[in-house]
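Heads up: the structure comes next, in C-alpha cells.
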Amino acid sequence: MENFSIFNVTVNVWHADLDVGNSDLSLRALTGLLLSLLILSTLLGNTLVCLAVIKFRHLRSKVTNFFVISLAVSDLFVALLVMPWKAVTEVAGFWVFGDFCDTWVAFDIMCSTASILNLCIISLDRYWAIASPFRYERKMTQRVAFIMIGVAWTLSILISFIPVQLSWHKSHEADEELNGVNHTENCDSSLNRTYAISSSLISFYIPVVIMIGTYTRIYRIAQTQIRRISSLERAVEHAQRCSSRLSNENSLKTSFRKETKVLKTLSIIMGVFVFCWLPFFVLNCMIPFCHMNLPGQNEPEPPCVSETTFNIFVWFGWANSSLNPVIYAFNADFRKAFTTILGCNRFCSSNNVEAVNFSNELVSYHHDTTFQKDIPVTFNNSHLPNVVDQDQEVLEGTCFDKVSVLSTSHGTRSQKNLHLPAGVQFECEAEITLETITPFTSTGPLECLPQLVADEDRHYTTKLY
C-alpha cells in the first residue's frame, strides 16, 4: 500500500512537470511568433523606405530625405544585427552564440544610438526649416546634411565598439559574480556606472531634451501663424458683410481645431519615442547602482529589476525602429512610391485630399491648401498675384520643401488658372502644415485682402521642411 502511494505521488509530480513544460513551451512559441512579426515589420517598413529613395530620383533630390534614409538604415541594422540574436536567446532561454556576445552588445549600442541621434537630427532640421526658411534654403546643402549624418554615425561607433572591445563597459562586480559560470551561455551586458550614465546621456537624454525643445518651438511658431491667418480670415469676412460675430466664432473654432491637430501630431511623434525608449534608459542607469553591496553586508542585494522586466523594455526600445517608417516616411511622396513598389496602384485609393497622418507633415495637407473666397468684383483682376496651379503644387508639395517659389511672372500663367467666375479669388493659406505654414514674409503679411492686393511678379510662400 505504501509503495502504491509513492507511485501515485511520483505520477502526480511527473504530470505537474509535464504541464509546466507544455506551458513553458507554448509561452516560448508565442514569444518567438511575436518577436518574428516585429522583426519582419521592421525589415519591411525600412526596406521600403530605402527602395523608394533608390528607385525614385525626386525623393533623392530633397536634402530632408537624406535624414530619413539615414534613420531607415539605422533601423534596418537594428532589425538585422540586433533583434534576431536576442529573439533566438529569448526562445532558447540562454545565449547560444558563444563569443559573439561582445560584438552583439556593440552592435546593439551603435544601432540604437544611431537611430535616436537620427531622430534628433530630423527634429533640428525641421526646426531650422521653419524658424529660418530663407537661411535654411541657402545653408542646408547636401554637404551639410552628410556632415550631420556622419557626426551621428561616428558618435554612435565611438561610444559602442571602442568601449566594448576594450571592456570599459563591464561591471567588475558582475564579473566577480559570474566566476565559475559558463560565460558563453550568458550575454549579460552588466554595464558599470560610469559607462551606463555617460552612454545614456549621449544616446538618449541629451537628444530627447533637444527634441522636446525643437518640437515645442515648432508648435509655438505654428500656433502663431494659425492665429495670424485666422485674423486675416476674419478681416475678409468682415469686409464682405457687417455681421462679423458669427464669422469670428467660426474662425476661432477653426483656429482651435488646427492648433489641436498640430499639437496632437507633435504629441504622437514625441510620445511614441519617449514611450518606447524612456523606460529602458531609466533602468539602464538604475541597475548598476542596484547591485552595489552595502558595507558589512555578507550577501549581495537582490536585483531591483527582474531580467524579464528588463528584456521587455529592451524590446520596447527596439520596437521604435518598426514605427519610425510610419511616422517619418509615410507622407504623400513616399506613399505613392510604396504603392508603386508593391504594385497596388490599381487597388490603392488615389484621393487628392490627404487624411491626417503622422509623417513628416505636422498636419497632413490638402493638395489644394489655398484659402479661396468669392467676393463681388470691385477692382481689376490683373492686380492679383498668380494663383498656384493645383498640379504644380502637388509636384512641389511634400515634406519640408523649405522655401519654394509658387508662382512666376504674369505672362507665364494663363488666366484660366485663376478660376474667377463672377468674383475674385484671394490666395491665403488656410492650412497650417509642415508643408505650408503661412503667407507671411519677413516684411509682413502678403496682401490677401482686396484693399491691399499689390501688383507683384513673385509670390513667396514659406514651406516647412
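Cβ atoms here come from the backbone N, Cα and C positions, even for glycine.
The N-linked glycosylation site entry in Swiss-Prot, when matched to the candidates Asn8, Asn357, corresponds to Asn8. Of the cysteines Cys50, Cys187, Cys242, Cys276, only one is given by Swiss-Prot as the disulfide partner of Cys101: Cys187.
Lys258 and Ile341 share a topological domain name in Swiss-Prot and therefore face the same side of the membrane. Contact between the transmembrane segment (310-334) and the transmembrane segment (102-124) is supported: at least 3 Cβ pairs lie under 8 Å, counting only residues 6 or more apart in sequence. Distant neighbours of the transmembrane segment (144-168): 63, 66-67, 70, 74, 102-103, 105-111, 113-114, 117-118, 120-121, 125, 192, 195, 198-199, 202-203; these residues of the same chain sit at least 6 beyond its ends, with a Cβ under 8 Å from one of its Cβ atoms. For Cys187 (disulfide bond), the count of additional Cβ atoms within 10 Å of its Cβ stands at 20 [all protein chains shown]. In the three-state DSSP classification, Cys344 (S-palmitoyl cysteine) falls within coil. Of the candidate ranges 31-54, 194-219, 265-291, 31-54 has the most C-beta pairs within less than 8 angstroms of the transmembrane segment (66-92). Remark: of the recorded positions Cys101, Cys344, the most isolated position is Cys344 (fewest other Cβ atoms within 10 Å of its Cβ).
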